[in-house]
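Visitor: When I checked Swiss-Prot for this same protein, it listed these features:
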SIGNAL    1-19  signal peptide
TOPO_DOM  20-486  topological domain 'Extracellular'
CARBOHYD  Asn56  N-linked glycosylation site
CARBOHYD  Asn73  N-linked glycosylation site
CARBOHYD  Asn89  N-linked glycosylation site
REGION    103-127  region 'Fusion peptide'
COILED    128-156  coiled coil
CARBOHYD  Asn182  N-linked glycosylation site
DISULFID  Cys324-Cys333  disulfide bond
CARBOHYD  Asn352  N-linked glycosylation site
DISULFID  Cys380-Cys385  disulfide bond
DISULFID  Cys387-Cys410  disulfide bond
CARBOHYD  Asn427  N-linked glycosylation site
CARBOHYD  Asn433  N-linked glycosylation site
COILED    452-477  coiled coil
CARBOHYD  Asn457  N-linked glycosylation site
TRANSMEM  487-507  transmembrane segment
TOPO_DOM  508-538  topological domain 'Cytoplasmic'
Amino acid sequence: MKAFPVICLGFAIFSSSICVNINILQQIGYIKQQVRQLSYYSQSSSSYVVVKLLPNIQPTDNSCEFKSVTQYNKTLSNLLLPIAENINNITSPSPGSRRHKRFAGIAIGIAALGVATAAQVTAAVSLVQAQTNARAIAAMKNSIQATNRAVFEVKEGTQQLAIAVQAIQDHINTIMNTQLNNMSCQILDNQLATSLGLYLTELTTVFRPQLINPALSPISIQALRSLLGSMTPAVVQATLSTSISAAEILSAGLMEGQIVSVLLDEMQMIVKINVPTIVTQSNALVIDFYSISSFINNQESIIQLPDRILEIGNEQWRYPAKNCKLTRHHIFCQYNEAERLSLETKLSVAGNISACVFSSIAGSYMRRFVALDGTIVANCRSLTCLCKSPSYPIYQPDHHAVTTIDLTSCQTLSLDGLDFSIVSLSNITYAENLTISLSQTINTQPIDISTELSKVNASLQNAVKYIKESNHQLQSVSVSSKIGAIIVAALVLSILSIIISLLFCFWAYIATKEIRRINFKTNHINTISSSVDDLIRY
């Protein structure tokens with residue numbers, strides 16, 4: 001039993017390093033689905049493949065005349081003639097016709113394009129530009145035609161690699177040429193007719209879009225693989241220098257082919273292949289996760305974490321990969337789409353359950369189980385888990401968010417009537433009793449609309465009640481404010497009156513005192529005057 005609890009490519013130098021803890025996350029319903037290597041690609045160069053459509057057959061002592069080859073040659077000519085004519089119309093417009101246009105000095109037959117978009121016109125320009133290389137490769141048609149090898153590499157004048165492929169030559173070399181002198185001509189002709197007929201069927205399927213317009217309908221590498229047959233890996237490895245397998249590159253659709261020339265006399269076809277440049281970031285993993293519901297705090301919840309995470313060393317980012325091409329083991333992107341994660345999210349990914357956030361689920365929810373490497377991870381508190389072999393119900397304790405069911409506990413499992421065969425052992429070596437606080441559960445995406453509407457209505461009624469109380473308080477405050485203003489005004493007026501009265505009294509006191517002083521002086525003068533008069537009389 002292999003334990004794989006943590007994914008961390010870098011070495012944890014510091015104690016605070018954070019890695020994706022697969023084991024803990026699985027116990028709360030966050031299950032790892034796929035781990036892919038991150039690679040970057042760009043279209044940088046082109047290569048050419050010369051497909052030799054008619055095999056070489058060694059002469060025999062019986063001087064057999066193979067009618068199947070003659071018929072195959074005729075049928076193939078009818079198939080390729082429209083393609084050759086179409087390419088000729090695009091690359092060589094009639095000198096007397098004005099229906100052509102120049103792009104960067106290149107003449108293109110507009111009539112051959114028909115109604116074309118900008119991308120299709122660009123493809124036509126590429127088709128015309130490829131003619132120089134195609135003619136250089138076609139100049140070696142004699143050496144290509146004479147070879148009896150299934151794959152034949154040549155170098156043309158611009159030092160671009162050209163691979164001559166004879167798609168059915170491998171079958172002819174290994175099976176038929178060894179039996180030419182030991183079997184009758186009729187039997188050999190029948191065998192050859194069968195092989196050529198099957199191959200012709202493939203050609204018809206592959207080149208059906210190109211019968212309309214090769215400039216507007218590029219050959220996908222998947223169709224080209226059918227055309228090249230068993231030689232596809234050799235061709236891919238010769239044109240693309242990388243350690244990634246040919247199957248990964250082809251399935252990602254990173255290579256496309258376009259017919260640039262057809263040589264009917266030699267039954268040769270030159271296909272231009274756009275070869276990408278691929279760079280792999282060795283320490284970068286893109287991990288896909290699948291979330292199922294879990295039983296937390298006596299209710300069904302689901303963890304709030306991204307579906308895809310990029311891990312480089314001990315750092316994690318959210319990675320949407322919206323413009324990337326995914327295969328089984330690789331993810332090919334033209335640029336890095338990483339988005340920062342919050343510290344709480346990083347801690348949650350590292351297995352710190354106290355930092356995780358869950359959203360409650362109301363109503364029916366279908367994502368309650370997932371198949372994982374031959375085992376089943378299910379929320380057996382929200383659906384019925386019944387083991388049929390041996391027969392017993394599976395109970396999930398309150399302290400378990402989900403239940404992992406492997407071969408040791410059950411061989412045939414029924415989940416709400418769906419039967420599954422368990423074929424593997426779980427790689428989890430331990431399980432924890434989870435403790436999650438109520439504050440970690442939020443309501444982000446309610447499903448039971450009627451319940452939520454009832455809550456909204458209740459909230460509105462409470463709001464109306466509070467508004468009425470508020471209005472009453474405002475009215476009370478308004479009346480009180482008026483009374484208070486009157487009292488304040490009266491107090492101010494009273495104070496002013498008192499001040500004025502005091503000032504008046506003070507002024508009256510001063511005036512009275514001054515009058516008394518004047519009267520005293522007058523009386524004193526009168527007394528002196530009387531004394532003087534008496535003295536004079538005496």
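Even glycines carry a Cβ here, placed using N, Cα and C.
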Visitor: At the Cα level, what's the spacing in Å between Asn89 (N-linked glycosylation site) and Asn73 (N-linked glycosylation site), rounded?
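Guide: Distance (Cα to Cα, whole Å): 24 Å.
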Visitor: Can you check which residue among the glycosylation sites Asn73, Asn89, Asn352 has the largest number of Cβ atoms within 10 Å of its own?
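Guide: Per the Cβ count, the most surrounded site is Asn89.
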Visitor: Please list, in sequence order, the residues in the chain of Cys333 (disulfide bond) that are at least six apart in sequence and whose C-beta is under 8 Å away from its C-beta.
Guide: Leu38, Ser39, Tyr40, Tyr41, Ala321, Asn323, Cys324, Lys325
Visitor: Can you tell me how far the Cα of Cys410 (disulfide bond) sits from the Cα of Cys380 (disulfide bond), in Å?
Guide: 14
Visitor: Out of Cys324, Cys380, Cys385, Cys387, Cys410, which of these disulfide-bonded residues shows the lowest number of other CB atoms within 10 Å of its CB?
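Guide: Counting other Cβ atoms within 10 Å of each of the disulfide-bonded residues Cys324, Cys380, Cys385, Cys387, Cys410 gives the minimum at Cys387.
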Visitor: Please report the Cα separation of Cys385 (disulfide bond) and Asn73 (N-linked glycosylation site) in Å, rounded to an integer.
Guide: 64
Visitor: Going by DSSP, is Cys387 (disulfide bond) sitting in a helix, a strand, or coil?
Guide: strand
Visitor: If I take the alpha carbons of Asn73 (N-linked glycosylation site) and Cys387 (disulfide bond), what is the distance between them in whole Å?
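Guide: Spelling it out, the Cα of Asn73 (N-linked glycosylation site) and the Cα of Cys387 (disulfide bond) are 63 Å apart.
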